[in-house]
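All remarks here apply to the structure that follows.
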Amino acid sequence: MQFSTKAFFTAALLVSSALALPNESTPGERKAYYKGGRRFRQSKRPCTTSSSVLPATTTAPAVVVAAAPQPTPEPVAPAPPPPVEDKVVIVTTTLAPEPAPTTPPPAPPPAAEPTPTPPPTVAAPQVKAPAPAPAEVKVEPTPAPAPVSAPAAAAPASGLSGDEQKALDAHNAARAAVGQKPLAWDAGLAADAKSWAQNLVSVGSLQHSTSGQRGDQGENLYWQSHDKTPCKNAADSWASEVSLYGGQPVGQGDFAAYGHYTQMIWKSSTTVGLGIANDGKGGVYVVARYNPAGNFVGQTPTR
């Protein structure tokens with residue numbers, strides 16, 4: 001529904017007039033007021049009630065002017081508390097430097113370097129050319145000689161030092177391992193061996209004698225840096241070459257590695273003698289002589 005401008009102002013005037021009326025009238029007073037654009041007078045009759053508004057001749061619908069809506073204020077969130085910063089305290093400890101010594105510490109004594117012990121030396125074994133086969137000679141048959149029993153094992157030789165006896169035992173143990181007969185100690189061979197050992201001291205190295213110097217004798221040489229049981233040590237060293245020998249004829253393979261062992265067990269050798277000589281520096285030369293000699297080229301020691 002739409003209202004005219006006049007009706008709007010008339011309604012406003014009515015509202016303002018109603019607000020201007022007094023709540024109670026004083027008896028005997030006459031008051032004038034406007035209503036509907038006209039002036040009215042109030043008589044002096046006493047009134048006991050509040051004044052009322054007479055309706056206007058021209059009735060207009062009441063207009064209620066609503067106040068403009070006010071926006072509802074948004075709730076304000078409380079401000080967050082200021083952040084609490086974690087404080088990290090770093091404590092650094094500084095060690096006071098140790099005072100420098102006023103006097104330098106004494107230098108440690110130099111460590112004594114051990115003197116290496118030279119290993120024992122074994123001279124290369126000798127080989128002999130095989131003896132020429134004798135010319136065939138026809139002879140009348142003769143009766144066979146009576147069988148000769150094999151010699152018994154050699155008894156311990158009398159007059160031998162403990163070292164010489166151990167060397168002889170080492171020889172015969174090596175021979176027994178391959179089925180060979182034991183050797184006997186020969187004093188003459190021992191004297192020849194000692195003479196050549198003294199010659200090696202003057203020479204200062206291991207050197208084999210020539211066939212003219214030793215005749216029909218085999219020879220093994222050895223040197224060690226101390227004087228403890230030189231003969232036994234020499235025999236044990238020669239016997240240890242068994243691990244390097246494969247049963248081949250003499251001259252094949254590395255003869256220098258196994259030739260001392262093959263002379264020890266040679267099938268035709270029957271006697272042995274050893275001699276020693278000190279070199280004046282703590283070392284000892286050892287010479288062994290065998291009769292008959294062994295190590296013939298192309299032959300094996302046991303057959």
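Cβ atoms are placed via backbone N, Cα and C, with glycine included.
Nobody curates TrEMBL annotations by hand; they come from automatic prediction.
Feature annotations, reproduced from TrEMBL:
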SIGNAL    1-20  signal peptide
REGION    96-173  region 'Disordered'
COMPBIAS  98-122  compositional bias 'Pro residues'
COMPBIAS  123-136  compositional bias 'Low complexity'
DOMAIN    162-298  domain 'SCP'
From the DSSP assignment alone, can you count helix, strand and coil residues within the domain 'SCP' (162-298)?
62 helix, 26 strand, 49 coil
Summarise the model's confidence over the domain 'SCP' (162-298) as a mean pLDDT value.
97
